[in-house]
Amino acid sequence: MKDFTLLSLSTPTQSKFIKPQRIHYLLDKEEYLWDMYHSFDSVAILLYSKEKHSLLLLRHLRPCAFLRDKRGIIYELCAGLVDKEGKSIEQIAQEEVLEECGYSIPIQKLQKINTFYSNIGLSTSKQTLFFASISQEEKISEGGGERDENFELFWLPCLEITQFLQDETIEKTSSLAYMLEWFLRTKNETNI
């Protein structure tokens with residue numbers, strides 16, 4: 001993983017990812033203000049390898065998390081922003097699996113699980129969650145994401161999912177926790 005050093009913290013005037021806004025509204029004829037930001041929706045994909053009997057996750061250095069605990073390492077799903085015009089969320093999810101993890105999977109393998117608001121107190125964005133099985137014959141590159149991303153691929157053996165979920169020293173996203181619980185509830189060797 002690349003070395004991370006915090007240089008400064010400032011308020012952006014423009015961003016290609018978020019747009020700060022203030023909502024001015026009435027509630028029972030009383031005025032209120034609410035600060036929020038508009039951001040892109042996203043997709044996230046839980047990937048399962050029957051050959052390895054493991055789930056493929058990302059061990060990601062996130063600068064925001066670094067500000068909180070000085071490690072900044074978060075375990076998360078393969079994911080990406082819905083920021084490509086003319087493409088379905090399934091096409092974007094398929095591209096993210098290739099870009100980040102190096103697997104070229106047919107779009108039909110993507111099983112949509114659910115869609116949620118991802119940070120309702122601050123943002124308008126929603127995240128759509130998918131599941132897909134992958135195989136070694138679909139591996140066509142090392143993955144690794146874009147230049148400004150900093151993550152490693154991490155194989156989580158299925159036998160260790162419960163321990164991984166319960167270990168609070170392992171920082172993880174809520175969407176990852178949800179999908180791991182979903183996997184434990186709905187998948188086993190006979191229905192994958």
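Residue 1 is the first one shown; counting continues down the chain.
Glycine is treated like the rest: Cβ placed from N, Cα and C.
Keep in mind the model is a prediction, meaning the values are calculated, not measured.
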Which range is it, out of 32-55, 80-103, 152-175, that shows up in TrEMBL as motif 'Nudix box'?
80-103
Within 10 angstroms of the C-beta of GLU149 (Mg(2+) 1 binding site), what count of other C-beta atoms is obtained when all protein chains are considered?
14
Can you tell me the CA-to-CA distance separating GLU149 (Mg(2+) 1 binding site) and GLU100 (Mg(2+) 2 binding site), as a whole number of Å?
9
What are the other residues, in sequence order, whose C-beta lies within 8 angstroms of the center of the C-beta atoms of ALA79, GLU96, GLU149 at the Mg(2+) 1 site?
LEU58, CYS78, GLY80, GLU99, GLU100, GLY145
